[in-house]
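Here is what TrEMBL records for this protein:
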{"type": "DOMAIN", "residues": "A:98-307", "note": "domain 'ABC transmembrane type-1'"}
{"type": "TRANSMEM", "residues": "A:9-30", "note": "transmembrane segment"}
{"type": "TRANSMEM", "residues": "A:104-125", "note": "transmembrane segment"}
{"type": "TRANSMEM", "residues": "A:137-160", "note": "transmembrane segment"}
{"type": "TRANSMEM", "residues": "A:180-203", "note": "transmembrane segment"}
{"type": "TRANSMEM", "residues": "A:238-265", "note": "transmembrane segment"}
{"type": "TRANSMEM", "residues": "A:285-310", "note": "transmembrane segment"}
Amino acid sequence: MLAFAARRLLVSLGLVWVVASLVFLVIHLIPGDPAELLLSQGGIAPDPAAVEELRERLGLNEPLWTQYLTYMGGLLRGDFGLSLQDEHPIAEEIALRLPRTLELVGMAGLLSVIFGVPLGIAAAMRAGGALDRILSAWAGFALSVPVFVVGTLAVLVLAQQLKLVSAGGYVPLARDPGRHLALLMMPAATIAVGLGAVVFRVMRSSVLEVLEREHVRAAQARGLAPAAIIRRHVLRNALTPVVTVVALHLGSLLGGTVLVEFVFNWPGLSGYLVRAVEARDYPEVLGIVLVISTLFVLLNFLVDLLYAVIDPRVRHG
Amino acid sequence: MGPTTSRRAVLAGSAAAAMLPFLRIPGARAGTPGELTFGLSSFPPSIQPWANTGTAAATVKLMIYRGLTSYAPDGALRGELAESWQPIGTQGWEFKLRDARFQNGEKVTSADVKWTIEQIAAERSTAYFRAEMQGVERIETPDDRTVRIFLKAPVATLPIMMASYHLPIISRNSPRGSFVGAGPFTIKAQERGVSIELEPFAGFFRPGLPKLKRIRAIAYADENLRVAALRSGDVDLIEYVPWQSMDAIAADPALKLDTVDGAFMFLVFNGTRAPFNDHRVRRAVAHAIKRDELVRAAFFGRGSALMQLPVAESSPFYNAEFKEGWKYDPDLSKRLLAEAGHAGGISCSLLSTAQYGMHKDTAEVVQQHLAAVGIRAELNLPDWATRVAIGNRGQYDLAVMGTAADSNDPDGIANFIDGSLSPSYVRSFGLKIDRITELLAAGRAEFDQAKRRDIYREMERIAIEQAPMVGLTWRSQGYAMRRQVTGFTNLPGALTFYSGLTFETTDVA
């Protein structure tokens, strides 16, 4: 088992290195000069000497391979470098923003489960009935509406027209927990509309499948109360695929909450990545992508280990 | 099966979950008297005083720094840290400083002015005015309140230059890596990428100012969210009001809209190769554009046609005789193309960017209008960073550009028409018109206003003929605010981005 874990760990580290190198190459290959961009803000022509000086200062005049080695050397020391825009430590900024995205994604997942699981069960238990048809139609609609449409509508109706909530923004938890939660709910609920529909669908089909199993039929034949059957015999079995689907979606949401962060002014990691790409802030882009990919790889590594624990054949496969 | 219990649980759970988004807890929103919540269009990438890092940064700089001169709400040049100034011969300027203090409590002295200029002109400087300040021959500081700046060549516009938000005076005793200014507000706290909190500087030199007790500037990159934040009461004031929202804001009795035609859209050319190295083809482009349609399509009618050089109508240097210099005239356009040997039309690339709607929409309308006279333009709409790089390298035939001039003085548009300057995406590539360069230099060196007007009239006449750039539209630049906000003014013309100066007189009732 230990050898298997070590092998997987090595592969995971290799993957992270490949991702970092690829991103380094790609971001340097696309047109756009960070020094020129920074000094050209607002449609202004910068002094070429100033641009050259800034390039020199930022190390952008070094050969690409030197920049690569310097960056990788920094990474080995745990140093993500400084932002090209204001020399702010990137690790510090990621440490600030990652929890916000995790919080957003986590809350979205929670809301999805709160909505999706019970509604999925209810629909499955009344398969083909009015409730099932209504909920399934809702799920289809929720899945087909883009997240930015849901978000924009929420802002328009709830914030702008009804003035029930803030239009967006962020307040640190430590400063004002209540307002922090209030500001978190809108973007999280927006993500949860689509994700909840996914959970609903998976839950519904999973429950339907479990309801057909023999042990459930036997329980029904024994005259057990439907609630008890659901709780004891259906829910646990039906939840497994839901957990897998939710985990997969949450993983992809780590770097994919750009639109929601933008629409609600939530200062998370995705928005940070987009702005870094726009500014061609190479160290920032690399640092963020590296963190996201490391989380993915880590997640896969843990899943691999879990599979190995569940099924010993995997270790020798 | 009897699903009663499950259904109840399901409904109760769903109802509880549905209520979660409505957990509204009031507080920390706009509407507190004396405190302003300001919706910025982006978070400033850096607030380095002398470098250009965008208009959002400029607005913040105008809160915390002050230069020798600045602008009054009506756009007139006024003294700031300098109470008066006068030329010394043709190559010198004397500034008399007022009794002002930096935010570290120290007096603003002539030595600080000298130090500031030396920092900007330094060899390793990345300052916006580095080249101009390297044109300073020497600086004399006969006493604490007098500074004399002698230049290598006459510069009549030095007091205007000194009003730039890229030229604030900084204390020479600022701690290393930070910059102490003499503006009306100090930065109390900031959360990078999110917000900046400012508090008033009690020692600001204008008595009774600033009026506000606190400013919280929050970055809202999404223009629609910025408007929603204003309308929902999250913020008191927003900048860069999107054109599509201006009518609704103007009609809202709770809000005020303040717009000026300040920034402008224009076309630049690659002058190093055919067909746009021929001024007749450039003029053919200029006469092919229906600018009113452009204003309607790209700016929802919020703007006006620009058929000459972008000098504001309120400027004493505005030349009314060229008002329709590049008016829509498709027949003339076709004739000019034929004269240039392109009777069968031409094919070219049209560079813009998809990142900003106004640039993209302008390019699409221009493309249609050009097609009507036989100019087949293929759109290239990369992201802004790529567009800048391509523009700087001259990898285009024709490009859409949008910005504001440095000032309302005609020298403020030199950047867009002086082909002798280094290649830049903001001006035509490799298109040098010697007479324009000469006249710009002459205007910069001329102290007599009447003679300056003649010089710039002649320059515009040549520009209309040679079309080193082609004006398209003025675009409305708007600020919107709650009715309770007073004392904030959108400065006229090119000075719209200097409106942050009026935060010192702004108040919230």
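Numbers here mean position along the shown chain, with the first residue as 1.
From the backbone N, Cα and C atoms, a Cβ is placed for every residue, glycine too.
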Contacting positions for the transmembrane segment (A:180-203) when only residues 6+ beyond its ends and CB under 8 Å are counted: 103-105, 107-113, 115-117, 119-121, 123-124, 135-136, 138-140, 142-143, 145, 147, 150-151, 154-155, 158-159, 165-166, 168-173, 238-239, 241-242, 245-246, 249, 253, 257, 260-261, 263-264, 266
Best-contacting stretch, by C-beta pairs under 8 Å, relative to the transmembrane segment (A:137-160) and drawn from A:9-30, A:104-125, A:238-265, A:285-310: A:238-265
Recorded stretch that, among A:9-30, A:104-125, A:285-310, has the most CB pairs under 8 Å to the transmembrane segment (A:238-265): A:104-125
For the transmembrane segment (A:9-30), sequence-distant contacts whose Cβ falls under 8 Å of one of its Cβ atoms, 6 or more beyond its ends: 64, 67-68, 71-72, 75, 277, 280, 282, 285-286, 289-290, 293-294, 297-298, 300-301
